[in-house]
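Below is one structure, written out as structure tokens, with a few remarks after it.
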Amino acid sequence: LSLLRETYYPPDTLSLPSSGMEGDTDLQFLLVGGDLLKVRSSSWKKTRFYKLQEDCQTMWHESKKTFKFNQTFSIKDISAVRAGRQSEGLRKNTEEPVEGRCFSIIFKGRRKNLDLMASSEEEAKQWVTSLEKIMSNMENLNSQQKTEHWIFNCLRKADKNSDNKLSLEELKDFLHQINIEVDDQYAEKLFQECDQSKCGHLAGDEIEHFYSLLTHRQEIDTIYGEYAKTTGFMSAENLLEFLIKEQREEATLADAHRLINKYELDDKAKEKQLMTQDGFLMYLHMPEGLVLNPTHKAVHQDMSQPMNHYFISSSHNTYLMEDQLKGPSSTEAYARALIKGCRCVELDCWDGSDGEPVIYHGYTLTSKILFKDTIKAIKEYAFKTSDYPVILSLENHCSVEQQRVMAQHMSSILGSALLTSPLGDQMPTDFPSPEELKGRFLVKGKRLTKLEACFGPEETAGDDGSLTEEEEDDKEEEEEEKKKEGKKLKLAKELSDMVIYCKSVHFNGFQDAKDNLGFYEMSSFKERKAMALAEESANSYIRHNVDKLSRIYPSGTRTDSSNYNPVPLWNAGCQIVSLNFQTSCNDMDVNQGRFLTNGKTGYILKPAYMRDLGSEFDPITLTAGPWLQHKTLHLMIISAQQLPKVNQKKTSIVDALVKVEIHGVPADTADKETPYIGNNGFNPMWNENFKFDVYVPELALVRFVVEDHDSVTDNDFVGQFTVPFTSLQMGYRQVPLLNKEGDPLPSAGLFVHIMIMDA
């Protein structure tokens, strides 16, 4: 409301939205704007004028052509701003002397980077600093501020003549923009109710009244009213009663006081240690009120277990931005995967020109990137999200000569962070822990000798008679592919010696692995073979993965870089279940949910019964054991708020429905959905109750999906959020929503009630 007062009260000029940066010199720099050189190629470098629009959320730029061509992009769509010639485009299309004048804007999703050059190093630094500051400011806005900014922008767009007033037609346009359809009669009724001056437009207090009617939430009235027993407000004692009775928290009176001091907006109420309804709503949108247990957001698991006792976030064909037939390869793809918390990346290495190995998808039209540039990018972004170890999974097709170059690049670029010998001074019998390997790189690939050679007489290096790992696994089905290779792969000792804890070997069965393989010798499985083992020999697979690592990768027929369901492989204890991070899909949503907790380290500790060599757990037959902890999940989908438009046509309004999916062992897998609410994406309400039986909660994930109903074609995706079952908070909870790329949808969310009971 304060934002609306600032904006729609005299003087009759639009004020900037309340962003906490009023008067800030960096903000003023962006609002004034300036010329930058846009770089697309060595020959295409053109001047563009860039500035921040008055909404403080949108960057605007125009060309210098005689006919104006204006474009905008949102600050919230920026993933990062990188100073210098860090992008492939700038490294390729500019010279080293202009390093300090260059910077890149990296967008979320598949949008191409924006490579720019300022007139001086000082100006480039100013652009980078200013953009990073406003990005940080937007990220730190609470949900109420994000809603205010969103509604403010919709009001600005609806106010066609910029007179700070809303006519009836402008009000209708505004309602369409915020994703709510009302008939003309209701719109007129709402308009007349607010038009107290009877002058045919809304201004000042009238717009504030309109906003209050619009954002009023009956469900919050009901909940708050039940516990606001102290002169119409919640006292600390009332709030404590709510936390214990509804939220099922082990809270104390001190916790209630802390929440009031933290989230109450009214200073007078705060002085009296009371919580108003606005403060209560603020609490519900903060970490303490969200569906995800806030104590699980940070590292909360034991990180001192052997590395193979964890599920490890893993990427397949990491270098690809799109499909694996003709799509582009890019070092940016590695940066994006690592920033998402991926801890195992793949490098398909082939001989390149000028003695420099390259990475690309062999025998296809995918573009090529230099191996050394890839290692530099990996070093730059490996530990920005997680400090825990990164595995470099090598698919090695190179000649011995270029393998030596690979080894030299990894050694010189990664330095002491590259693990080149076992930890300790004697032959290990188990993997080190993620904690012990913090900040380290591990190479996965072929090795000429046993690991024991590190502690005894060196064995003779020679030809190990191997194909590359994925070729080896597919050899029975892909004889033609073998013919293309024409010869066995030879290994350079320098590269071989870098493989320590992740030596790639062919899988000859569980008994053979148990009898003949060291703990550090691991196999890769194509998805079809792995799925068959997980279904037919699940318990044997689980025991195999107690002291070995297993990597799973998508079938070669997935030329579109589509994905497979990772859940059955996690159920079988497989650690490195590699997915195509470049492809947005349900499977990647589930993968993101699996690694959402534990500080987004990319390592999730497997349940105790999957770390026991004598385990009898079988996710298919599900016999009795400590894994059976039958729970009943009672879930009410109450309402949604500020759902984004899927179809950007002016007349298109979301017909919202919610699906709830349980992903886990077969007995737990289920889904249910609400009816759809027609023509309301702003504040649809369902009050729909669901009940789920969950037998193995430690392996279960809950996925909330919002869709736009379509009676003719498939429903359109609106947003989703996936959370581990054991990380759910009970009671009245807000569910934030993510877009198809896995990034937050500002202001959008679900309001639910959760109860978990022993069955």
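Quick reminder: no glycine exception, Cβ is built from N, Cα and C everywhere.
Curation does not apply to TrEMBL; its annotations are automatic.
Here is what TrEMBL records for this protein:
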DOMAIN    29-136  domain 'PH'
BINDING   38-65, K444, K446, S524, R551  substrate binding site
DOMAIN    146-181  domain 'EF-hand'
CARBOHYD  S197  O-linked glycosylation site
BINDING   N317, E346, D348, E395  Ca(2+) 3 binding site
DOMAIN    495-611  domain 'PI-PLC Y-box'
DOMAIN    614-739  domain 'C2'
BINDING   I653, D655, N679  Ca(2+) 4 binding site
BINDING   D708, D710  Ca(2+) 5 binding site
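Considering other CB atoms within 10 Å as the measure, the emptiest surroundings among the binding-site residues E54, D348, E395, D655 are those of E54. When the CA atoms are compared, no recorded positions among the candidates S197, N317, E346, E395, D655 lie within 10 A of E54 (substrate binding site).
Of the candidate recorded positions, K46, E62, S197, K444, the one lying closest to D710 (Ca(2+) 5 binding site) when CA atoms are compared is E62. The local packing around D708 (Ca(2+) 5 binding site), expressed as other Cβ atoms within 10 Å of its Cβ over all shown chains, amounts to 22. The recorded positions shown are S197, E395, D655, N679; of these, the one with its CA atom nearest the CA of K46 (substrate binding site) is E395.
Sorting the domain 'PH' (29-136) by DSSP state (H, G, I as helix; E, B as strand; all else coil) yields 35 helix, 41 strand, 32 coil.
In this structure, of the binding-site residues S42, T58, N317, the smallest number of CB atoms within 10 A of the CB marks S42. In the structure shown, the C-beta of N679 has more C-beta neighbours within 10 angstroms than that of any other entry among the recorded positions S197, N679. Between the candidate binding-site residues, E62, E346, D710, the densest Cβ environment within 10 Å is the one around E346.
For K444 (substrate binding site), the recorded positions whose C-alpha atoms fall inside a 10 Å radius of its own C-alpha are E395, out of S197, N317, E395, I653, N679. Calculated from their C-alpha atoms, the gap between D708 (Ca(2+) 5 binding site) and E395 (Ca(2+) 3 binding site) amounts to 42 Å. Here E346 (Ca(2+) 3 binding site) is compared against the binding-site residues S42, D655, N679, and the shortest C-alpha distance is to S42. DSSP states for the domain 'C2' (614-739), grouped as helix (H, G, I), strand (E, B) and coil, give 6 helix, 61 strand, 59 coil.
A C-beta separation below 8 Å, combined with a sequence spacing of at least six in one chain, links K38 (substrate binding site) to K45, K46, T47, R48, L114, D115, L116.
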